[in-house]
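A.B. asks: Here's a structure for you.
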Amino acid sequence: MATKSRRPLMAGNWKMNLNHLEAIALVQKLAFSLNDDDLEQVEVAVLPPFTDLRSVQTLIDADRYNIAYGGQDLSQHASGAYTGDISGAMLAKLGCTYVVVGHSERREYHGETDELVAAKIKAAYQHELTPILCVGEPLEVRQENRHVEHTLAQLDGALEGLPAEQAATIVVAYEPVWAIGTGEVATPDDAQELAAAIRERLAKLYSADVAAGIRILYGGSVKAANVKPIMEQPDVDGALVGGASINADEFALIARYHRNP
C-alpha cells in the first residue's frame, strides 16, 4: 500500500520477448488503455529488450505518453572491450529512467553475485538511472524457513558501500524465485512479510526516513486477478510484472488495480 511519499510503480519486465514492431504496438495499446487519472495514481514503466528501446523511446517522446521505460540489465563497466555488454551511458542516452539489476534469472543463468550486483547499482547511479534491485529466495530456501535471512543477505550485499542519498531513490523488488513464471504466487501475507523485513533492514542500514521513502515491489506471477490484495499490504508499493506485462490489456488491468472491485 503506497503512501503519498511512495507512488505505486507497476513495472513490466518483458524479458526476451517482443521485437521492436511488437513493442511499438504494445506501448500504443497500453497508453490508450490508461487514462490520465490512472497515470496520476500509479507510475507505469515498461522494461523492453535492448533492441526495442530506441523504438519505445521514439514513440513515447513523439506522442508524449506518460509511461516510463528502462533496461533489463547493464554492465558494471563504463565502456571498453566487453562484447555483448550494454553500458549505463547507452541506456541514459536512450532516455531510460530505470534499469533492472540482480534479477534472479541473471543470478541463475549468468552467475551474477551480490558483489557484481553492487557494482552494477553503482554504475546505474553514475548515469542517473534508477536501479530496480531484485532480491528473493528459491524454493528450497523457503522450505527451510530461511527466506528472510537469504533475502536480506542479498540486500546487504547489493547495497554494500552505497551512500544514503543514492539508496533513498532505489526501488527494491522482492521476487520469490519459486513463483516466477510458475503460476504459483506468494500470498499477500508472504509479500508483506518480506517487504516489511526489507524496509526494516533499510532503516538499519540507513535511517527510518530513508526506508520510509523507498518503494518495495512484489514480483512473481502477478496478474490482474491477484494484484489488488497484494497491493493492499502496507509495505508493498507496486509490482514487477513478468509474463502478464506483454499483454497490454492484462497489464493495463494490473495498473488500474485501484479500480478493481
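Here the Cβ of each residue, glycine as well, is placed from N, Cα and C on the backbone.
Pulled these from TrEMBL:
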type	residues	note
ACT_SITE	His103	active site, electrophile
ACT_SITE	Glu175	active site, proton acceptor
BINDING	Asn13, Trp14, Lys15, Gly181, Ser221, Gly242, Gly243	substrate binding site
A.B. asks: Going by a 10 angstroms cut-off between Cβ atoms, which of the binding-site residues Gly181, Gly242, Gly243 has the sparsest surroundings?
C.D. replies: Gly181
A.B. asks: For the recorded substrate site, enumerate neighbouring residues of the same chain (Cβ within 8 Å of the Cβ centroid of Asn13, Trp14, Lys15, Gly181, Ser221, Gly242, Gly243, site residues themselves excluded), in sequence order.
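C.D. replies: Going along the sequence, the neighbours appear as Ile180, Val241, Ala244, Ser245, Ile246.
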A.B. asks: Provide, as an integer number of angstrom, the distance between the C-alpha atoms of Trp14 (substrate binding site) and Glu175 (active site, proton acceptor).
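C.D. replies: So the Cα of Glu175 (active site, proton acceptor) lies 15 Å away from that of Trp14 (substrate binding site).
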A.B. asks: Could you tell me the C-alpha distance between Gly242 (substrate binding site) and the residue listed as 'active site, proton acceptor' in angstrom, no decimals?
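C.D. replies: Here the two Cα atoms lie 11 Å apart.
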A.B. asks: Do me a favour and check the Cα-Cα span between Gly243 (substrate binding site) and Glu175 (active site, proton acceptor); whole Å is fine.
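C.D. replies: Cα to Cα, Gly243 (substrate binding site) and Glu175 (active site, proton acceptor) are separated by 14 Å.
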A.B. asks: Among the recorded positions Asn13, Lys15, His103, Gly181, which ones place their C-alpha within 10 angstroms of the C-alpha of the residue listed as 'active site, proton acceptor'?
C.D. replies: His103
A.B. asks: Test of understanding: give the count of other CB atoms lying within 10 angstroms of the CB of Ser221 (substrate binding site).
C.D. replies: 20
A.B. asks: Across the record's substrate-binding residues Asn13, Trp14, Lys15, Gly181, Ser221, Gly242, Gly243, the largest CA-CA distance in angstrom?
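C.D. replies: 14 Å is the greatest Cα spacing among the residues binding substrate.
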A.B. asks: Given the binding-site residues Asn13, Lys15, which one's Cβ is surrounded by the fewest other Cβ atoms within 10 Å?
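C.D. replies: Fewest other Cβ atoms within 10 Å, among the binding-site residues Asn13, Lys15, is found for Lys15.
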A.B. asks: Take the C-alpha atoms of the residue listed as 'active site, electrophile' and Lys15 (substrate binding site) and report the distance between them in angstrom, rounded.
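C.D. replies: Answer for this pair: 10 Å between alpha carbons.
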A.B. asks: Can you count the other CB atoms that lie within 10 A of the CB of Trp14 (substrate binding site)?
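C.D. replies: Its Cβ has 20 other Cβ atoms within 10 Å.
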A.B. asks: For Asn13 (substrate binding site), which DSSP three-state class applies?
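C.D. replies: Looking at the DSSP assignment, Asn13 (substrate binding site) belongs to a strand.
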A.B. asks: Sort Gly243 (substrate binding site) into helix, strand or coil using the DSSP assignment.
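C.D. replies: Where Gly243 (substrate binding site) sits, the three-state DSSP reduction gives helix.
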